[in-house]
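Novice: Can you keep this structure in mind? I'll have questions shortly.
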């Protein structure tokens, strides 16, 4: 059973009045129940928190974790798309003239990290930091992960949707992001184990050359 939150506090008894009870703290089970109806608590797992990250969490804590989940899901979806694109096509030209390194010379997947010159890595991390600190700001009071980047060209289309449709699309994004996080992790593991990251190809017997 889920443990209850801290027991109610007591004020010490006075010579002039009895002990006064404070308002009972909200139990962990009540907290859990309050999150079971949130977007993302859906089939097939429903509300699933095996690590207890939401134990005794308030709404602010939940929204922080949801923000992180949405962001990581989006990054993982981009990583999957980039991995597949890099496997099939490369940009023309040079990645680094000083290192005499062309885009065509770059390996795919995790192996690419060891080939990027230090100056290139610095640019990548600097750009990510700039986006994180100055551009991708969550809209105050909105769903976690709602960014406004120079105005939203799709705002009118989104606003015209019913609340049910918006909730459905948010749930789809969460599910796709969760699948992508597991997918890119699986590809990275299989790349390191056998240099064959595309498990579906292996299962179907579709041959490919990786790096």
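Using N, Cα and C of the backbone, Cβ positions are placed for all residues, glycine too.
Quick paste of what Swiss-Prot says about this protein:
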| type | residues | note |
| --- | --- | --- |
| TRANSIT | 1-33 | transit peptide |
| TRANSMEM | 75-95 | transmembrane segment |
| TRANSMEM | 116-136 | transmembrane segment |
| TRANSMEM | 177-197 | transmembrane segment |
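Can you tell me where each of these features sits in the structure?
Specialist: Long-range contacts of the transmembrane segment (75-95) within the same chain, counting only residues at least 6 positions beyond its ends with a Cβ under 8 Å from a Cβ of the stretch, are 101-106, 108-109, 112, 116, 120, 176-177, 180-181, 183-184, 187, 197-198, 208, 210.
Sequence-distant contacts of the transmembrane segment (116-136) (same chain, six or more residues past either end, CB-CB distance under 8 Å): 95-96, 98-99, 101, 106, 147, 149.
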